[in-house]
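Over in Swiss-Prot, the protein carries these features:
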- LEU118, GLY122, HIS123, LEU124: (6S)-5,6,7,8-tetrahydrofolate binding site (BINDING)
- HIS226: site 'Plays an important role in substrate specificity' (SITE)
- LYS227: N6-(pyridoxal phosphate)lysine (MOD_RES)
Amino acid sequence: MLEHLRATDPIIADLIEREAQRQRQGLELIASENYTSLAVMEAQGSVLTNKYAEGLPGRRYYGGCEFVDAIEQLAIERACQLFGTSHANVQPHSGAQANIAVFTALLQPGDTILGMRLDHGGHLTHGSPVNFSGKWYNVHFYGVDAQTGQIDYDDLASKARAIRPKLITSGASAYPRIIDFARMRQIADEVGALLMADIAHIAGLVAAGEHPSPVGHAHVITTTTHKTLRGPRGGLILMGDDFAKQLNSSVFPGTQGGPLMHVIAGKAVAFGEALRPEFRQYAAQIRRNARALAEGLMAQGLTLVSGGTDNHLMLVDLRSTGLTGAQAQRALDKAAITVNKNAIPDDPQPPMKTSGIRIGTPAVTTRGMREPEMAQIAAWIGEVLMYPDDEARLNRIAGEVADLCRHFPVPADMVQVRG
C-alpha cells in the first residue's frame, strides 16, 4: 500500500500512514466523522480524477464523457431511490457548496432568511455573520427552549410571522433531538416561505428510516454524503420538479465548474451500499449506541444538553466540571479519544474555548462496537474529565483504548465493512 507515493513523496506517505495509525488505534467520536468502505476509497482513488465533465449527463461541454455520464447517472438514480425524490444533483463539492447553490437559486441578495442559531446547534451556512449566508442575506434566528434544550417551534412560528422570511432553514450541526419537518413546513406555508432542510448530519438515519424524512415537507433538501451516510466527503441536493432546473443551473455554471468525477463515483458506491438491508441495521445501531453512551455519560454525573439524544450525537455541558470544551478535547486526545469542543446554547465561552463537547457514534458503530463498548467508553470519558491533568492516567486509558480498538478494525483493515 502507498508504494508509489512512498517512492515519490515519502514525507506525505509517512504522514498518511501516521494518520491511518491514529484512526486505527483511537476512538473516533466526532459526530461528523466516519469511515468509508474500501470500495468507496477505491472509486475515489481511480483514473476518474483525470476527467473533466462540465455539465450534466448527456449535456457536457467536453468529449469523452460516455463512461462518466453513466457513473453520474447511476449516482443520481441511487440518490433518488435512497431518499424517495424525483431529482438529485450529485455535483456539489461539499454541504456548504450545496447550500450556496440553493441560496443563490432561490434568493436574491438582501432577502430575509430564518435559520437556527449557531450556538443553539445550527450551522455556519445558515446565516452566521462570518459566512456568506450572513453577509449576503438579512438573517434572523430561532433557537432552542432554555429549559428543554429542544427547538422552540412556537417561538419559531412567532418570529416567522413577524419577519415573513423568504426562506426558512431546518437542520443542524449539533442538535441531539428529532426535527419536526412537518411542523416547520406548516410554519413556512403560513408565512409564504420556502423550507430548506439541511440533513447533513442525519442523512444516513433518514435514508434508513431512523429519523423522519423531510421529503414531502421541504421544498429542497441538502446534505453531505459522509457523516452518517458513510460516503466520501461531498454534497448532494435533493428536490422535486418545481426547482430542479434552477437548482441544477445554480450548481453549474452558477457556483461551480467541473464536477469531481472520482468523488461522484464514490458517492454512487456509497448510495448503493446504503440501499442494502445491512445499512438499515447499521443506522439503527448508531442510535442504540448513542442512547447507551448518553446514559453512560449521565451515570458518570455529566450533564447532557436536552437530557439525552434521539439521533447519533449528544452535547455534554461541561460547566459543572470546571473545564472548557477546549480543555476537555485536549485531555481526551491524550487518552486517544477524539471529540470536538462545541458551543452549548447561550454559551458564555468564546468559540475557540466553548463550554461543551460534541460526541457522536457513527464511526465507532462502523467498527462494530455496540452497547457494552459504549458503557466502557462512557467510563473512560468520565475518568478523563475528572482527572484531565493526570498524565499517567491518560496514558493508561490510551493503552486500554488501543487494546479495545484492536478487536474492532477500521474498514482499511477489513476485507468487508461491518454493518
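In case you wondered, yes, glycine gets a Cβ from its N, Cα and C as well.
A map of Swiss-Prot features onto the structure.
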residue : record                                                  : contacts (Cβ under 8 Å, 6+ apart)
LEU118  : (6S)-5,6,7,8-tetrahydrofolate binding site              : LEU124, HIS126, SER128, ALA343
GLY122  : (6S)-5,6,7,8-tetrahydrofolate binding site              : GLY115, MET116, SER128, PHE141, THR169, ALA172, SER173, TYR175
HIS123  : (6S)-5,6,7,8-tetrahydrofolate binding site              : MET116, GLY171, ALA172, SER173, ASP198, ALA200
HIS226  : site 'Plays an important role in substrate specificity' : SER32, GLU33, ASN34, THR36, PRO232, ARG233, GLY234
LYS227  : N6-(pyridoxal phosphate)lysine                          : ALA31, SER32, GLU33, ASN34, ALA200, HIS201, ALA203, GLY204, PRO362
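In this view, LEU124 ((6S)-5,6,7,8-tetrahydrofolate binding site) is surrounded by 16 other Cβ atoms within 10 Å of its Cβ, with every protein chain counted. The (6S)-5,6,7,8-tetrahydrofolate site, placed at the center of the C-beta atoms of LEU118, GLY122, HIS123, LEU124, has further neighbours from the same chain whose C-beta lies within 8 angstroms: GLY115, MET116, ARG117, THR125, HIS126, GLY127, SER128, ASN131, ALA172, SER173.
Secondary structure from DSSP puts LYS227 (N6-(pyridoxal phosphate)lysine) in a helix.
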